[in-house]
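Participant: As annotated in Swiss-Prot:
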- 53: ATP binding site (BINDING)
- 216, 217, 218, 223, 224, 225, 226, 227, 228, 229, 313: acetyl-CoA binding site (BINDING)
- 246-271: region 'Disordered' (REGION)
């Protein structure tokens, strides 16, 4: 959703035009007799190309950049399968064991995902890659076109139209919430539950289960074509149990690969790191994976008109806007929620529970318009 490849190309072209104009003006200024005698200013552009940590063409630097996806580039692979209608595209779950197996195709697919993050102006660090690889609550979904299966059968990687990173949050006990809020503290993680509980002094919301969109990035060649909205729509249906049959259950022993050792037999001191013999499929249709049933679907982002409009069109409603702006971006952090259909869940909240948060947040925002916003 964020970022536009055409905009970046335009910025580079504008920089080159300004540089050429400034250089021509400087040469003309120096060529005149009046300025040539008295001296003049010379315009120079300095570019740093010498590595500051490694020697030139050091193999360790190349290996490290590939391992941490630091050199995936800001321009993703070109889309070769065309631009299908969003309604023809489907969302797939990415198995992280296969994604981070360092298999040749899996590694190329990971590089494509990280390239989309870079193109969408997300700040990527090695810690973000580690969080993506082994954080239990994080999941990755990709939106693919109808030709994805044909590309896979031909041994080609499918075109990634949109990638969504989701973190499961909530299900915090009332006792833990009350104890943390009474001390003016909050545990790490669970951004939306803790923020809402702290702002509204509500211990009930933190006990609900939900999912937060950590990152969502659309391929820069197809921004504004509805692929991001399609991905959010399918995720909403998925977490409402409308796409997959059954509910999510932890993997049992029978579901483990044959080469995976049990917890009793494994020992970190004796474990031998080796390639796995059997890997699960990299991409799994949502219809083949039971969903985690949730009460809400949310997002937190730096507030802009474009992003607010996007999430509002997807059925999300604003419940929190931070009073102070981010010192780096100058944007106010916003939280928007979408109440999912969860009447069949045992601990489902009363109907219209989100309306109370939205109404209270709107009153606060109106009262602070003359001050902070």
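Glycine is treated like the rest: Cβ placed from N, Cα and C.
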Participant: Cα distance, the residue listed as 'ATP binding site' to residue 226 (acetyl-CoA binding site), nearest Å?
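Facilitator: If we compare the Cα positions of residue 226 (acetyl-CoA binding site) and the residue listed as 'ATP binding site', the gap is 43 Å.
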Participant: Most Cβ neighbours within 10 Å: which of the binding-site residues 53, 313 is it?
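Facilitator: Counting every other Cβ within 10 Å of each candidate, the maximum falls on 313.
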Participant: Roughly how many Å separate the Cα of residue 218 (acetyl-CoA binding site) from that of residue 53 (ATP binding site), to the nearest whole number?
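Facilitator: Counting only the Cα atoms, the answer is 33 Å.
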Participant: For residue 53 (ATP binding site), identify the closest of the binding-site residues 216, 228, 313, judging by Cα separation.
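Facilitator: Going through 216, 228, 313 one by one, the closest to residue 53 (ATP binding site) is 216.
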Participant: In whole Å, could you give the widest CA to CA gap in the acetyl-CoA site formed by 216, 217, 218, 223, 224, 225, 226, 227, 228, 229, 313?
Facilitator: 17
